[in-house]
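To start, the structure itself, in structure tokens.
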Amino acid sequence: AAPRPAHGCGSGALLGRFGVLLQALLALCAFSTLMLKRFREPKAERRPWRIWFYDTSKQAIGALFIHFANIFLSDLTEEDPCSLYLINFILDATLGMLLIWLGVKVVSWIVQHKKYTYLVFGEYGDPPQAAAWIGQCILYLLIMVFEKTVISLVLLIPGWTKLQQILLGYIPNPQLELVLVMFVVPFIVNAIMFWVVDSLIMRKYKQKDTLDINGSTETPRARRTEESQVLLSPDMDFDQSESDQDISGLQGTNQKMKQPSYQVVI
């Protein structure tokens with residue numbers, strides 16, 4: 001058996017019973033933030049459950065890949081695996097987040113340039129096609145592989161061992177360290193990352209509230225803006241009143257003169 005360090009969790013602690021329980025609880029709490037985000041969306045722009053599942057499942061696949069890759073890399077060391085997992089996680093949440101954003105932008109540009117409509121993130125066709133979802137999942141997973149590869153190369157830079165020794169060395173209880181590393185810190189950071197990435201890869205242009213008026217597509221907001229401009233325009237009111245007078249004059253001047261006029265004096 002591998003010797004347990006004086007401080008920190010021992011080898012294999014991340015995949016022990018307590019570690020697996022913390023990981024399951026983390027997954028439940030972290031992905032509940034995506035459901036909260038859906039209910040925070042305006043009702044007019046809220047995604048159907050199927051579209052929401054297609055969007056969030058890409059993040060679930062990517063997060064699981066990153067999580068198990070971090071566990072695998074952490075168990076390769078004879079030092080405290082909890083501190084190494086935390087270093088991986090912090091790098092994923094900072095430099096990795098930038099790499100994910102850059103990867104999504106580059107892939108989206110290539111897809112739009114090649115006019116692969118079903119590979120545009122958030123676009124699944126009408127009705128939604130599972131093939132489009134599978135293709136987007138593969139693209140997003142490739143982005144996560146690229147991100148994790150770069151982070152692994154960054155960890156080869158000398159100096160991380162000293163940070164690993166002092167990062168959680170002040171915590172004498174291995175169980176408490178495991179809770180901080182596998183639940184508390186990942187839950188806070190994952191909630192933020194899921195919220196940001198979901199806004200990044202979801203459909204940006206909502207079209208389900210448009211109105212078809214005289215063969216043209218117009219949003220209710222644009223229609224209300226046009227109506228308000230008409231009502232507030234003095235020239236339009238003046239021209240309309242003049243046209244009404246001309247039409248009434250053409251219909252018959254005699255009939256208009258026969259009608260009695262009233263004047264109210266206050």
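Even glycines carry a Cβ here, placed using N, Cα and C.
The list of residues near the transmembrane segment (20-39) in space but at least 6 beyond its ends in sequence, with Cβ under 8 angstroms from a Cβ of it, reads 46-47, 52, 56, 59-60, 63, 67, 178-179, 182-183, 186-187, 190-191, 194-195, 198. Taken from TrEMBL, the feature transmembrane segment covers 20-39 (among others).
What TrEMBL lists as transmembrane segment is 85-111 (among others).
Feature annotation from TrEMBL assigns transmembrane segment to 132-158 (among others).
When Cβ-Cβ distances below 8 Å are used as the criterion, the transmembrane segment (178-197) is approached by residues 9, 13-14, 18-19, 22-23, 25-26, 29-31, 33-34, 37, 56, 59, 63, 82-83, 85-86, 89-90, 93, 97, 100, 168, 171 of the same chain, each at least six residues removed from its ends. The transmembrane segment annotation in TrEMBL covers 178-197 (among others).
TrEMBL lists 236-266 with the feature region 'Disordered'.
According to TrEMBL, the compositional bias 'Acidic residues' annotation covers 236-245.
Under the heading compositional bias 'Polar residues', TrEMBL lists 246-266.
Tertiary proximity for the transmembrane segment (132-158) is limited to same-chain residues at least six positions away from its ends with a CB under 8 Å from its CB atoms, namely 54, 57-59, 61-62, 65-66, 69, 73, 87-88, 91-92, 95-96, 99-100, 103-104, 107, 111, 118-119, 121, 123-125, 201.
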